[in-house]
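One structure is given here, and the rest of the page talks about it.
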Amino acid sequence: MRIFLLLLVALAAIGESQGGSKDHSRLKRDVLLRSKRRWVLSTIELEENMEVEYPFKISTMFNDKTIGKKYKFEMSGDGVHDGLFSINDTTGDVYVHRKVDREEKEIYHITFDVWDKSTNTKMDRELSFDVEVKDINDKAPMFTNFNKTVNVDENTEEGFLPASMEVTDRDMEKTDNSKVSIRVVSQNPAEPKINVTQIDDRMARLTFKGCFDYDKAKQFKVKLTASDHGKPPLSTTEVITLNIVNKNNNAPKFKQKQYEVEAVEMTTHDDILRIAVEDKDAPNTDGWKAKYYFISGNEEEIYSLRTDPKTNECILSVVKEKNYNQNTLVNLTIGAENVEPLSICKDNKLIKDPKLLPPPDSVNVTVKMLDTNDAPVFEEQTKEVYQVEESEPGQVLYTPKVQDIDSSNVRFVMVEDPAGWMSLDEKTGKLTTTKKMNRESPFVDENNIYRVAFAAIDDGTPPATSTCTIKVHLRDINDNTPKLVNSSMIFCDNKVIKIMVPAEDSDAEPFSGPFIFTLKDDKTLKRLWKLDPAHGEQAGLVALKSLERGNYSIPLLIQDKQNMIGHETLEVEVCDCGGGDVCVRTINPCSTNVSDAAIGTIILGLLLFLLLLVIIVCYKQKQKFQSFEDQGQQSLIHYNEEGMSVDCKAEPVHLIQASGGTVTDGIKQSFVQKTKTVDHLWSDERQDIATHLPQQINSCMSMGMDTSTQQQRRSRSSYDCSSRFSMGLGSKRSTVQQISTLTYRGYVSSNPHLQILVENSIDKTSREEAVGQENNPIKFAYEGEGSRCGSLDELAFDILDGNLSFLDHLGPRFNTLAEMCNASVVKKTAALEGTKG
């Protein structure tokens with residue numbers, strides 16, 4: 001190994017560049033070692049921020065292998081690529097091209113190589129060296145983690161303030177360049193005195209001596225300076241603002257020292273008096289809010305105090321009733337203090353000790369309690385009474401004892417008796433039962449207690465009242481039979497063969513369950529069902545065989561522990577069930593599951609329906625046949641038309657002229673004929689009757705088929721012409737029937753309605769003759785008194801015995817009427833003959 005002294009070369013180069021005036025760069029180790037063909041150079045120190053001309057040579061590289069050869073130097077590493085450092089490839093001189101800052105980078109690691117130009121290969125292993133930047137005091141201290149505004153409570157005790165700070169210096173640590181001192185330069189106001197205490201090289205906190213007074217100074221400005229110990233020293237200045245927060249340094253003061261007020265005894269009163277205070281602290285703060293307390297006079301706690309949150313006033317109230325025998329004055333002393341404890345800054349010292357603080361302010365209040373009528377007082381306001389249920393009425397349950405210092409006349413009034421089981425003596429208050437009390441009543445609570453309340457009222461002005469409550473404890477007896485919980489159940493025979501049947505008893509133990517269940521003594525019932533189990537709170541109902549679908553009524557006997565038996569009937573529906581215990585209703589085909597009885601019922605129903613249908617058809621047919629002779633039977637009749645008479649327009653065939661006179665029926669003139677006897681009617685008048693009979697029948701038909709207006713005018717005393725036609729012939733009916741038969745065959749057969757009318761009339765007359773009612777008038781239902789005219793039936797031949805001579809003496813009015821009617825008949829006859837022709 002060979003050792004080369006490179007230091008002389010480097011120092012010589014530096015000396016040449018600086019003229020020997022100043023050494024800005026030096027080698028800490030100046031020996032270049034070559035070990036195993038690797039060159040190692042020690043660290044080069046370079047002062048930061050040198051004020052020199054750049055580029056500035058800081059060192060020269062040399063290698064003994066370069067002697068006698070063409071070579072070049074190359075350099076790489078920190079600061080080389082960005083142009084901070086460079087090397088002369090021929091001489092090996094190393095340059096720095098600008099200022100370096102230690103706070104940006106403290107050490108630069110650089111390597112260089114020597115290359116043989118002829119072979120373009122490295123002549124030796126690379127050489128490395130470090131450039132270490134030497135620190136100078138070029139950085140001033142800086143405040144960090146620093147709050148420029150801090151709130152300080154007014155009552156803060158002297159010592160540390162809630163204001164801390166941290167100072168940093170970027171110069172080299174543990175040197176004078178980074179060592180910092182902090183101090184207070186100035187403050188405003190000057191009192192209390194504010195200082196700074198440095199905890200370590202970097203941390204500091206403000207302190208003070210004395211106390212703050214919000215009323216004197218609400219804000220402080222403190223100027224701080226941080227200086228390092230470098231040469232020359234550098235410093236920084238900051239200002240911190242301290243805002244003083246108002247606290248309780250003023251006690252509340254009552255605006256008035258004496259108050260008087262009135263209140264009524266035995267009554268609570270809210271807000272009987274308001275007492276005002278004054279506080280100089282900031283409103284709506286704990287140092288301003290007042291709280292009040294009794295100093296004396298409220299030993300019985302009859303009164304209370306509270307603070308109005310808006311006005312800060314004291315509110316005095318009466319919270320407990322007290323009876324005064326006479327008007328009484330009550331003296332109260334009330335004090336006031338703030339929610340926040342009081343503290344005072346006096347002589348630049350903070351005072352918090354209550355013993356050293358001034359006493360709280362106080363006020364005197366005189367309350368005049370007015371005596372009033374006192375209510376009666378029960379010796380026992382609640383009384384427990386025990387009674388057996390269903391006891392006979394008339395039991396005296398309680399007689400109260402009442403005292404009233406203001407009155408001797410007290411009456412009693414029932415206030416609460418929901419079931420109406422009690423009576424109350426108005427004078428003595430004696431409480432007596434009037435009905436039997438039932439423990440199972442809904443008016444009795446779950447604890448078997450029935451509550452009764454009554455009041456005692458005195459005769460004062462105004463009357464005073466107090467109330468007494470009686471709790472009647474009812475002891476149970478066995479007065480209820482066991483019952484089924486559910487009187488109907490579903491038996492899903494496709495799932496189970498047994499269902500459980502629960503029972504209950506309104507009575508309490510020992511008058512309730514477990515129960516004994518039995519079936520009614522019925523052989524048929526016991527062939528279908530049995531009970532298993534038959535003892536307990538519920539029984540098991542078991543089907544002994546497969547049952548038909550349907551409903552079953554099962555009588556049960558249920559016996560409680562005291563052998564009281566309840567008779568119950570359980571309705572059971574046997575069916576198939578689906579997913580739940582619900583019967584599945586299915587629609588089966590018509591041919592399935594229909595019994596003989598059901599088939600018979602269906603057939604009987606069909607027969608009854610057919611019979612009803614036949615009756616309806618026959619009834620309708622009969623109405624059709626009788627439509628003409630029954631027409632108008634239910635028409636309303638008008639009787640308020642003047643001059644109306646029987647308006648039957650038919651020319652009756654039974655009125656035939658006899659003995660040469662003109663015969664009329666009192667309404668219309670009959671046919672004018674020669675005197676003929678009825679005995680010769682068939683031989684002599686056959687042709688005339690055959691001729692005129694159709695006309696008369698047509699007249700009757702026209703009347704029967706008249707309009708509804710004419711029917712309404714028709715009197716109930718008139719009847720259809722068909723009846724008069726058959727009845728008017730009297731004893732000669734057989735001859736007329738012969739004539740009718742001949743005419744019916746020739747004329748009537750062409751009209752089916754006329755045919756029905758004539759046949760019904762003939763049949764009706766024949767039946768009446770058979771029972772001995774021949775020629776008797778036919779009475780129909782009618783409204784009112786009926787027509788004043790006589791019945792036309794009275795003119796029949798069998799009544800007059802053929803003597804029609806009375807018709808000649810009816811007078812001129814009837815003669816005129818006969819002429820009018822005769823003209824109408826002649827006109828109709830001519831029209832009928834013209835139609836036939």
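Residue numbers in this text run from 1 along the chain shown.
Even glycines carry a Cβ here, placed using N, Cα and C.
Secondary structure of the domain 'Cadherin' (38-143) per DSSP, as helix, strand and coil residue counts: 3 helix, 48 strand, 55 coil. Per TrEMBL, the feature domain 'Cadherin' maps to 38-143 (among others).
What TrEMBL lists as domain 'Cadherin' is 144-254 (among others). For the domain 'Cadherin' (144-254), the DSSP counts in helix, strand and coil order read 0 helix, 61 strand, 50 coil.
Taken from TrEMBL, the feature domain 'Cadherin' applies to 255-378 (among others).
Marked as domain 'Cadherin' by TrEMBL: 379-484 (among others).
Mean per-residue pLDDT, taken over the domain 'Cadherin' (497-591), amounts to 86. Positions annotated as domain 'Cadherin' by TrEMBL: 497-591 (among others).
TrEMBL lists 1-19 with the feature signal peptide.
Positions annotated as transmembrane segment by TrEMBL: 597-619.
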Helix, strand and coil residues within the domain 'Cadherin' (497-591) as assigned by DSSP: 6 helix, 46 strand, 43 coil
Helix, strand and coil residues within the domain 'Cadherin' (255-378) as assigned by DSSP: 0 helix, 61 strand, 63 coil
Counts of helix, strand and coil residues, the domain 'Cadherin' (379-484), according to DSSP: 0 helix, 48 strand, 58 coil
